[in-house]
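Notes to accompany the following structure.
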Amino acid sequence: MSSGGLLLLLGLLTLREGLTPVSSKDRPDFCELPDDRGPCRGIFHAFYYNPDQRQCLEFIYGGCYGNANNFKTIDECKRTCAA
């Protein structure tokens, strides 16, 4: 196989890996935590993974503390937690 063909194959495999959903066995434990606004009073739109619904949902984050099941974008949430 030519070097161009090998690069194409490597690129396709890398793309496939990036698009493969996270399996439940690979999902970080913090994805099971509930949404947690935290004690601060800010209004920040954030996303958390809801294990019962098996999807990422929006919630209002207060801006401090909370827990690790807190993502700035739905895409980041899906990449990390969604199966």
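Here the Cβ of each residue, glycine as well, is placed from N, Cα and C on the backbone.
Swiss-Prot has this to say about the protein:
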type     : residues    : note
DISULFID : CYS31-CYS81 : disulfide bond
DISULFID : CYS40-CYS64 : disulfide bond
DISULFID : CYS56-CYS77 : disulfide bond
DOMAIN   : 31-81       : domain 'BPTI/Kunitz inhibitor'
SIGNAL   : 1-24        : signal peptide
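Cβ-based neighbour count (10 Å, all protein chains) for CYS64 (disulfide bond) stands at 11. Checking the disulfide-bonded residues (CYS31, CYS40, CYS64) against CYS77 (disulfide bond) with a 10 Å Cα-Cα cut-off leaves CYS31. When each of the disulfide-bonded residues CYS40, CYS56 is scored by how many other Cβ atoms sit within 10 Å of its Cβ, CYS40 comes out lowest. One residue stands out among the disulfide-bonded residues CYS31, CYS77, CYS81 for having the most other Cβ atoms within 10 Å of its Cβ: CYS81. For CYS81 (disulfide bond), the spatially nearest entry among the disulfide-bonded residues CYS40, CYS56, CYS64 is CYS56, judged by CA separation. Reported as a whole number, the C-alpha separation between CYS31 (disulfide bond) and CYS56 (disulfide bond) equals 10 Å.
Taken through DSSP, the domain 'BPTI/Kunitz inhibitor' (31-81) splits into 10 helix, 15 strand, 26 coil.
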